[in-house]
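Asks: Pasting a structure here, questions to come.
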Amino acid sequence: MHALSQEPTVWHGTTILTVRKGGRVVVGGDGQVSIGQTVIKSNARKVRKLGKGDVIGGFAGATADAFTLFERLESKLEQYPGQLTRAAVELAKDWRTDRYLRRLEAMMIVADKEVSLVLTGTGDVLEPEAGVMAIGSGGNYALAAARALIDTDKDAESIVRKSLDIAADICVYTNRNITIEALSAE
């Protein structure tokens, strides 16, 4: 239980979306953090550049867990520079087998100029279909919107922004305080 209500502590939230289009990769996420039915923070930054700025990461789930995973991923990127897929697979192996890491509750989207990936606590490392992937409570809404917009004349950033706005219209755990990071994918 927590002081804000009489329900068990359940962290809800977020929507993270990545779109690859027109030589760019864009990762965006909303800023809402909720416990139960209460919004605790509306401007959390869940998307950021990692390593030397050549990888973008976004997370859904418990914030402390996500930052632990970001740190581990940055360590793997130092071991395997320029090899995001290899670093992600090595992190996923650790995540599955390490007793401490196995308890972490988060999912991550990571992207560099060549590949976008979703990492899960079950050891999955997934590459998106058609350059679009989303995670979090509003992920399915953002994913559907982005897929509908991918073949229009909108650029990757516009697709991410519009899709996250649509997710915020539908998902009560997603807001319009959007953080965007982008890389040239050339």
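Residue 1 is the first one shown; counting continues down the chain.
Placed from the backbone N, Cα and C atoms, the Cβ positions cover glycine too.
Take a look at what Swiss-Prot says about it:
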type	residues	note
ACT_SITE	T14	active site
BINDING	A168, C171, T174	Na(+) binding site
Asks: Relative to the Cα of the residue listed as 'active site', which of the binding-site residues A168, C171, T174 has the closest Cα?
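Replies: Checked the binding-site residues A168, C171, T174; minimum Cα distance to the residue listed as 'active site' goes to T174.
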Asks: Around the Na(+) site formed by A168, C171, T174, which additional residues qualify by having Cβ within 8 Å of the site's Cβ center?
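Replies: Here the non-site neighbours turn out to be T15, D30, Q32, S137, G138, Y141, A142, L164, A167, D169, I170, V172, Y173, N175.
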Asks: Write out the long-range same-chain contacts of C171 (Na(+) binding site), meaning residues 6 or more apart in sequence whose Cβ is under 8 Å from its Cβ.
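Replies: Sequence-distant Cβ neighbours: T15, S137, G138, Y141.
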Asks: Excluding near sequence neighbours, so keeping only residues 6 or more apart in the same chain, what lies with its CB under 8 A of A168 (Na(+) binding site)?
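Replies: Those within reach of A168 (Na(+) binding site), by Cβ under 8 Å and sequence separation of 6 or more, are T15, D30, G138, T174, N175, R176.
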Asks: Let's check the environment of T174 (Na(+) binding site): how many other CB atoms sit within 10 Å of its CB?
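Replies: A count of 30.
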Asks: Please report the DSSP secondary structure of A168 (Na(+) binding site), reduced to three states.
Replies: helix
